[in-house]
Amino acid sequence: MGKSFANFMCKKDFHPASKSNIKKVWMAEQKISYDKKKQEELMQQYLKEQESYDNRLLMGDERVKNGLNFMYEAPPGVKKENKEKEETEGETEYKFEWQKGAPREKYAKDDMNIRDQPFGIQVRNVRCIKCHKWGHVNTDRECPLFGLSGINASSVPTDGSGPSMHPSELIAEMRNSGFALKRNVLGRNLTANDPSQDYVASDCEEDPEVEFLKSLTTKQKQKLLRKLDRLEKKKKKKKSDKKKKKLQKSKNKHKKRKNKSPSSSSSSSSSSSSSSSSSSSSSSSSETSDSSSESDNKEKKREKEKRKKKKKTKCSESKSSDCKEDKPKNMLYEELSSSHSDRGKAQEKLRFPKQESSGENSMWVHSASDRTSRSHRHSPEKKGSDRNRGIRSRSRSRAESSRRSRSRSPYRQKHREVRSRPHRSPSEEQKGRKGTRSHGEGDHRREHVR
């Protein structure tokens, strides 16, 4: 019941946690490390050969110069065999005594760092600093020099073959073996170039500035603080003035660019407005109004003066346009009235002999009819004048309203100006002519009836 899924899967051959797979991986790793060591040995051998070859060249050996050195040297395999024989003849050093006659595998023969467990006893791959023996540390009770300092350990009688217990020698041996003490333990025995050995000023020595400040009174300190505050304020003011100057320069450049554009547009608009249309004048006024909102007070005053002048010119133009529009109408009315009067005179000449034969009563009737006809003849002229007056009054009222609207909204100027213009189609003019003719013909018919 207590077995888990991992325990079940580790027994499978394909699972990486199985014992067979772990063993295979470990064996492969050991073989790779063995091959690497072989390659390193070959490289070291090659480097030694090169060094010897270079030394011989420096010494001036003729064999090396002629390239015949290979004939007088033994092959590399012979040297290895000789070394192995020497090692077997001499006593090899082992970490532990039980390793002397113990059998080992090929991959573990030359490697002394591999941990072994003979007879199930755990072997520690550790070396003591004091007695230089493997299997324990200087803090273990197994060490014969346990509980003794370096000086006392050096005074203990030991064999001549044993290592010395002097602390400097111990530190050197530790470094050679790959160990090192902490800096806190070493203390002052370090070199003079070490940064921890630099000269540090004591607390008693104080800076001259601090001493000067301590010697001052409270009033003098307050004065110093005030001076420092003033200097800081001056620096801040200088910075703010520089920023303001930069902003003013940028604004002036921007204004100059904008003033150039509306001046050119206003000149073009004035030339076009004097020629034909009032729409160009409205566009120039809108441009000036936009530029005045962004410019300063001085520019606003100048633009106001320009506006007044333009308004005067516009009023004169509108009046002249109204007069021009009214002139052709008046001419038409005068022509119509003159034509009607000529016709009436011709008809009267034909009727005079008939009227003389008739009595005095008919004379009185003709005189009355002449008065009525004259009144009717003069009536269209009066009507035309009345119409012209009404049109002029309307155009003036609309012009005033358009001026007010321009000051308020420049975008509706065009629409209102188009409305203010009194346009009449040719059909309407023909109707007006027919109406005047019908009035004249009606008068003549009445005369004939009478």
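Placement of Cβ uses the backbone N, Cα and C atoms for every residue, glycine included.
Summarising the annotation, Swiss-Prot assigns region 'Interaction with RBPJ' to 1-121.
Feature annotation from Swiss-Prot assigns SUMO2 cross-link to Lys79 (among others).
Taken from Swiss-Prot, the feature phosphoserine applies to Ser202.
Per Swiss-Prot, region 'Interaction with RP9' is recorded for 204-232, and the stated evidence type is experimental evidence. Residues of the same chain that sit 6 or more residues outside the region 'Interaction with RP9' (204-232) yet have a Cβ under 8 Å from a Cβ within it are not found.
Positions annotated as region 'Disordered' by Swiss-Prot: 218-450.
According to Swiss-Prot, the feature compositional bias 'Basic residues' maps to 233-260 (among others).
In terms of DSSP helix, strand and coil, the motif 'Nuclear localization signal' (235-247) has 13 helix, 0 strand, 0 coil. According to Swiss-Prot, the feature motif 'Nuclear localization signal' maps to 235-247 (among others), an assignment based on sequence analysis.
Residues or ranges marked as compositional bias 'Low complexity' in Swiss-Prot: 261-294.
For 303-313 (among others), the entry in Swiss-Prot reads compositional bias 'Basic residues'.
Taken from Swiss-Prot, the feature motif 'Nuclear localization signal' covers 307-314 (among others). Residues belonging to the motif 'Nuclear localization signal' (307-314) score a mean pLDDT of 75 in the model.
Residues annotated as compositional bias 'Basic and acidic residues' in Swiss-Prot: 314-329 (among others).
Residues or ranges marked as compositional bias 'Basic and acidic residues' in Swiss-Prot: 340-354 (among others).
Residues or ranges marked as SUMO2 cross-link by Swiss-Prot: Lys354 (among others).
Taken from Swiss-Prot, the feature compositional bias 'Basic residues' applies to 404-424 (among others).
Residues or ranges marked as compositional bias 'Basic and acidic residues' by Swiss-Prot: 425-450 (among others).
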